[in-house]
Amino acid sequence: MKLNKIKVIVAGFRGKMGATAVQMILNAQNFELMALLGKKEEVSEAFGVPVFSRKEDLIGFDADIWLDLTAPEAAYKNTRFALENGFRPVVGTTGFTDDEVADLIKFSREKELGGLIAPNFALGAVLLMQFSKQAVKYFPDVEIIELHHDGKKDAPSGTAVKTAELMSEERLAHHQGAVDEKEALAGARGADLEGMRIHSVRLPGLVAHQEVIFGSKGEGLTLRHDSYDRSSFMTGIALGIRKVMTVSELKYGLEHFLDL
């Protein structure tokens, strides 16, 4: 019996994440690579499929999935373009505003197309976010340290922001630290989301790492996740590709497709 493969376009295939995703798709039995989208491409074909420099050239193209691993400044327009043209977006690019996410969810419902924007595709990172949401009920004083490679363009990371947003659902907003604390250097205490501080580290040699540090009287709790290389994201990407074919609206966060 012939297997009906899910047809995938990869946008951002020249990046490290995109290149890893292309190999995963090529090696997967139930996926079929259909086209690649890059920036100022000088080739017309790679891996046996056509290569495009303009997303508009993909209008009417035969594909199910638009896998977007591009840049924050392009992600919103790319995701909306995908929905407009009948592709189900699976997006690993971060940097979306709350209004942009809300708009895309609304638009996906109008188009009756499934999709996914995932701040992090690593299953361990998704579990870290969920564990943090549970822990903050008992440890409301918390700070986040996220560490990434020095090529990452946005700060704080989408994972850190999503973690803080999830914890804010269970935590009353309040200031942490001395009431009269003063920063000797501007920004020393990090970004502030409802009183939770988020600190961003950018260094060569890192991939993607996050610590959520809780403090209480006489004790502390630290939750940490590490992605040592980009293969850690491929299980989540593959899961997302499969799952968006079964739903009719865009979801924000891989946790919507996990049994948590």
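For all residues, glycine too, the Cβ spot is worked out from N, Cα and C.
Features reported for this protein in Swiss-Prot:
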type     : residues                                                                                      : note
ACT_SITE : HIS148                                                                                        : active site, proton donor/acceptor
ACT_SITE : LYS152                                                                                        : active site, proton donor
BINDING  : GLY12, PHE13, ARG14, GLY15, LYS16, MET17, GLY92, THR93, THR94, ALA118, PRO119, ASN120, PHE121 : NAD(+) binding site
BINDING  : LYS40                                                                                         : NADP(+) binding site
BINDING  : HIS149, GLY158, THR159                                                                        : (S)-2,3,4,5-tetrahydrodipicolinate binding site
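Feature map: annotations from Swiss-Prot on the structure.
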residue : record                             : contacts (Cβ under 8 Å, 6+ apart)
GLY12   : NAD(+) binding site                : GLY18, LEU37, GLY38, ASP68, LEU69, THR70, ALA71, THR93
ARG14   : NAD(+) binding site                : GLY38, LYS39
LYS16   : NAD(+) binding site                : ARG230
LYS40   : NADP(+) binding site               : SER53
THR94   : NAD(+) binding site                : PRO72, ALA75, PRO119, ASP154, SER157, GLY158, THR159
PHE121  : NAD(+) binding site                : GLY92, PHE233, MET234, THR235, GLY236, ILE237, GLY240, LEU254
HIS148  : active site, proton donor/acceptor : SER157, SER200, VAL201, ARG202, LEU206, VAL207, ALA208, HIS209
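Same-chain residues that are not part of HIS149, GLY158, THR159 yet have a Cβ within 8 Å of the Cβ center of the (S)-2,3,4,5-tetrahydrodipicolinate site turn out to be THR94, PRO119, ASN120, GLU146, HIS148, LYS152, ASP154, SER157, ALA160, ALA208, GLN210.
In sequence order, ARG202, LEU203, PRO204, GLY205, LEU206, VAL207, ALA208 are the residues of the chain that are 6 or more apart from HIS149 ((S)-2,3,4,5-tetrahydrodipicolinate binding site) and have a CB within less than 8 Å of its CB. Among the listed binding-site residues, namely GLY92, GLY158, the Cβ with the most fellow Cβ atoms inside 10 Å is that of GLY92.
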